[in-house]
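Here is what TrEMBL says about this protein:
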type     : residues                                                                                               : note
ACT_SITE : Cys150                                                                                                 : active site, acyl-thioester intermediate
BINDING  : Arg52, Gly53, Gly54, Glu55, Ile56, Thr57, Phe58, His59, Ala119, Ile120, Gly121, Gly132, Leu133, Ala134 : substrate binding site
DOMAIN   : 5-190                                                                                                  : domain 'BPL/LPL catalytic'
SITE     : Lys116                                                                                                 : site 'Lowers pKa of active site Cys'
Amino acid sequence: MPKEDGSEDLVLLVEHTPTYTNGRRNRGAQGISDQEALRLKNLGAVYVESLRGGEITFHGPGQLVAYPILDLKPIKLSVRCYVSYLEKAIIATCAEFAVKAITTENTGVWINDQKKIAAIGVHVQRYITSHGLALNCNTDLEFFNQIVACGLTGKETTSLSKELSDPSVDVQAVIPKFLKGFGATFNRDFVALSETRPDLEMAIQEFIQTGNPEKLR
């Protein structure tokens, strides 16, 4: 995402292997028990605590996860406004599939006040964003039934494929629609990292494969 001063923001799009993540509200002693972590592991998932906001959720195949790395200072966005922009981008993406999505008093994007289709959990340090959003495309929703997703008791999790009764709505089908909605919301154009910084793209790929942060230096 090129800026007027020639620098670039990044939006990383990934599709995780089965992973349960907890936000900073429930890290360490406030997190889940060793027994609960083992139960989740036995479901075929890993458990990770992170610095994002929010509580426990699931990431996995069939879910589009976007990690925007943006500088909020030049665009004069507060954290609250930034989260609102992310919600608007997701709503625009859903609209591309004729799925009407809304916001509620709870963070994220919803089909109604009971069914959540996308989660948001961000971290901002010195105006730079990390973590991001997760939009359920054709995710196996049974993984969500194993937890109280985002700490919201009595709420359901849904996906684009479930709302459309169409299992073919996968991550690859959603990516172009998401880029369109995100770009329109933030008034930015996207350029593939391979075109502007192939070295950085390679470093990111190596980091994803190895988990070694030294690959990014």
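Placed from the backbone N, Cα and C atoms, the Cβ positions cover glycine too.
Mapped onto this structure are the features recorded in TrEMBL.
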residue: Arg52; record: substrate binding site; Cβ contacts under 8 Å, 6 or more apart: Thr21, Gly23, Arg24, Gly121, Val122, His123, Ser130, His131
residue: Phe58; record: substrate binding site; Cβ contacts under 8 Å, 6 or more apart: Pro18, Thr19, Tyr20, Thr21, Ala45, Thr139, Phe143, Phe144, Gln146, Ile147, Ala149
residue: Lys116; record: site 'Lowers pKa of active site Cys'; Cβ contacts under 8 Å, 6 or more apart: Asn106, Gly108, Val109, Trp110, Ala149, Cys150, Leu152, Lys155, Glu156, Thr157, Thr158
residue: Ala119; record: substrate binding site; Cβ contacts under 8 Å, 6 or more apart: Gly54, Thr57, Thr107, Gly108, Leu133, Ala134, Ala149, Cys150
When DSSP states are folded down to helix, strand and coil, where does Lys116 (site 'Lowers pKa of active site Cys') land?
strand
Neighbouring C-beta atoms (10 Å sphere around the C-beta of Cys150 (active site, acyl-thioester intermediate)):
20
Distance in Å spanning the most remote Cα pair of Arg52, Gly53, Gly54, Glu55, Ile56, Thr57, Phe58, His59, Ala119, Ile120, Gly121, Gly132, Leu133, Ala134, given for substrate
15
